[in-house]
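Contents: one structure, followed by commentary.
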């Protein structure tokens, strides 16, 4: 897991791994070269991450993932 200097919050390998996995899954679904990179940009605080979240996970988990982004 590569540390992203744009992440100014808590360095938590478990949280970062969870957020990274969502971006990887999103790339695996769409197979667009920039999806994973865009999803991780600005420490996951971006539209691509939100779109991946909405596409891949049930609404009941959206708030939890958004809270995780705020923590890292």
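Even glycines carry a Cβ here, placed using N, Cα and C.
Per Swiss-Prot, the feature disulfide bond maps to 7-43 (among others); the stated evidence is similarity to another entry. Residue environment of residue 7 (disulfide bond) contains 20 other Cβ atoms, counted within 10 Å of its Cβ in all protein chains. Residue 7 (disulfide bond) carries neither a helix nor a strand DSSP state and counts as coil.
Summarising the annotation, Swiss-Prot assigns disulfide bond to 23-39 (among others). DSSP assigns residue 23 (disulfide bond) to a helical segment in the three-state reduction. Of all the Cβ atoms in the protein chains shown, 22 others lie within 10 Å of the Cβ of residue 23 (disulfide bond).
What Swiss-Prot lists as disulfide bond is 26-52 (among others).
Sequence annotations record features per position, and here Swiss-Prot assigns valine amide to 72. Residue 72 (valine amide) falls within neither a helix nor a strand when secondary structure is assigned with DSSP, and so counts as coil. With a 10 A radius on its CB, residue 72 (valine amide) counts 19 other CB atoms from all the protein chains.
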Position of peak Cβ density within 10 Å, selected from the disulfide-bonded residues 26, 43: 26
Inter-residue C-alpha distance, residue 23 (disulfide bond) and residue 52 (disulfide bond) (nearest angstrom): 7
Spatial neighbour of residue 43 (disulfide bond) that is closest, considering only the recorded positions 26, 52, 72 and their CA atoms: 72
In sequence order, the disulfide-bonded residues (7, 26, 39, 52) whose C-alpha falls within 10 A of residue 72 (valine amide): 7
